[in-house]
Amino acid sequence: MWITTTSFSTRGRARVAFPLVTELSRIGVTGLAVMGANLARNIARRGIPVAVHNRTSARTEEFMEAYSGEGTFTAAESTEEFVAALERPRRIIVMVKAGAPVDAVIQELVPLLDEGDIIIDAGNSHFPDTIRRTQECAERGLRFMGVGVSGGEEGALNGPSIMPGGDPSAYAEVEEILTSIAAQVDGTPCCVHVGPDGAGHYVKMVHNGIEYADIQLIAEAYDLLTHVAGLDAPAIAKIFEEWNSGDLESFLIEITAKVLAKTDEKTGRPLVDVIVDQAGQKGTGTWTAIDALNLGVPLTGITEAVFARGISSLREERKAASKVLVGPNPSEAANRTDLVEDIRQALYASKVVAYAQGFAQMRAASKNYGWNLDLGAMARIWRGGCIIRAQFLNRITEAYEEHGDLENLLMVPYFTEAVANAQDAWRRVVITATEQGVAIPAFASSLSYYDAYRRERGPANLIQGLRDFFGAHTYQRIDAEGWYHTRWPQDGVEVRTDA
Ligand code: NBP
């Protein structure tokens, strides 16, 4: 039965009457900024009654004014009303700014909830926070889920990629709702239970890290096409459009063509030429790099992408340095006819490396945190809805299906061959960019990773010798078991230290 709410405050605005439903809602969403509002609408459009709430109730009013006709919503002004509007076990999606706001919302909810109720943090929370919150909620008999949601506002509304982490019993209570609102690819929802506590937010974090690497590689290709091949933005847009029909087919390549093709209405110039070259970031790339360092995983592509955003933000310093620090003289030879195809291949090979590194990190994290991640399934749920959705992810899923617990994707024949075929072009691009003075941190570091990874014997023997010399850190020998130290400055005699 529909009744008209009288409890909803208007905070000085004209009173607005919304139809309110007396039946209990199956799920609630608190936090009605762009992501929460769109998720609530997505759920309601599937015929599921949703309770909605926001700290500042004017936002709830605006939501109801705009979208109440899209489904069955119960608008709650207070947290108490919100909780009372939900069937049990209560399922509450928290979609507020990551960090302290999530804790504030949990603190408000906890005293109002009953044993077995489920709090679902669907924002971009840092996984250690999710592990802590899971523990704190469990101590009060509540089930907590950390759920990664990718796809931006459009994805939240029409079908995101969803990475749910948390207790399997809690997932069972929300599986039907989450899989119904997720993007669907080949009839499969882009949503699968990732693992316990922080696993969902971890996978979302690495997804965002890979997104950083993907975007940085695209930016480096654009830089080379502009400053070495001498092409303008509309010409480069056409190149990206062509690239989107091959191996590189993906959402990011598709929107790169669109961004480059856009003309600025004010100046008549390509819009990209009037955008300030200073990249923002919200932290997930940095978190990914930090955890890779903690785990000892070489994650060069994503980490260089984070550093590249850092150097982009030093705009005033770069302006001053451009007048002082000299680069090479531009050479005509650089503008080869095959340069565009070389750049395409360098981009593809570097992308393979970035994904190989990201998946290697998830493998290491899975072991370290005890998550038992199904990496093939992670690639499968990234095929639709999310920012890094790409054809390419099918190959990664197949690789895990065929080869099981892979140490590194580069060892799968499909990727081994792809990189081997691209390597000559990749090396030419790195050489050309270096000769021309164009920074290509992600291209170059990915190639260096490839060269380091494929070497049976690298130069770390010398590093160990030096460490033993100045710090008696000891070393292992290639021809004997055990650990050794040489008394370098004293008598030069080698002694076994673990015997
Ligand atoms: P924002 O990250 O901009 O957060 C705004 C929301 O947080 C508002 O509802 C605000 O309520 C609420 N909030 C804040 Br701020 N402090 C609060 C507090 N102490 N108690 C209760 N509520 C509080 O919203 P968003 O862009 O929709 O993103 C939501 C989450 O989704 C974030 O974690 C974000 O990182 C993640 N995410 C965003 C995207 C994207 O494309 N935007 C994509 C994927 C994931 P108020 O109205 O009262 O101020």
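Each Cβ is built from the backbone N, Cα and C atoms, and glycine gets one as well.
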Annotated companion of Gly31, Leu32, Ala33, Val34, Met35, Gly36, Asn54, Arg55, Thr56, Val96, Lys97, Ala98 at the NADP(+) site, TrEMBL, chosen from Asn124, Asn158: Asn124
Recorded substrate site member, picked from Arg269, Arg309, Arg487, Arg496, that accompanies Asn124, Ser150, Gly151, Gly152, His207, Asn208, Tyr212, Lys282, Arg467, His473 in TrEMBL: Arg309
Alpha-carbon spacing, His207 (substrate binding site) to Thr56 (NADP(+) binding site), which is rounded to whole Å: 31
Greatest inter-residue Cα distance in Å for the substrate-binding set Asn124, Ser150, Gly151, Gly152, His207, Asn208, Tyr212, Lys282, Arg309, Arg467, His473: 48
Least buried by Cβ count (within 10 Å) of the recorded positions Lys204, His207, Arg309, His473: His473
Euclidean distance between Cα atoms of Tyr212 (substrate binding site) and Met35 (NADP(+) binding site), Å: 20
Within the predicted model, mean pLDDT of the domain '6-phosphogluconate dehydrogenase C-terminal' (200-489): 96
Under 8 Å by Cβ from Glu211 (active site, proton donor), counting only residues of that chain that are 6 or more apart: Leu252, Gly285, Ile387, Ile388
Recorded positions whose CB lies under 6 angstroms from ligand 1, from Thr56, Gly151, Lys204, Glu211, Arg309, His473: Thr56
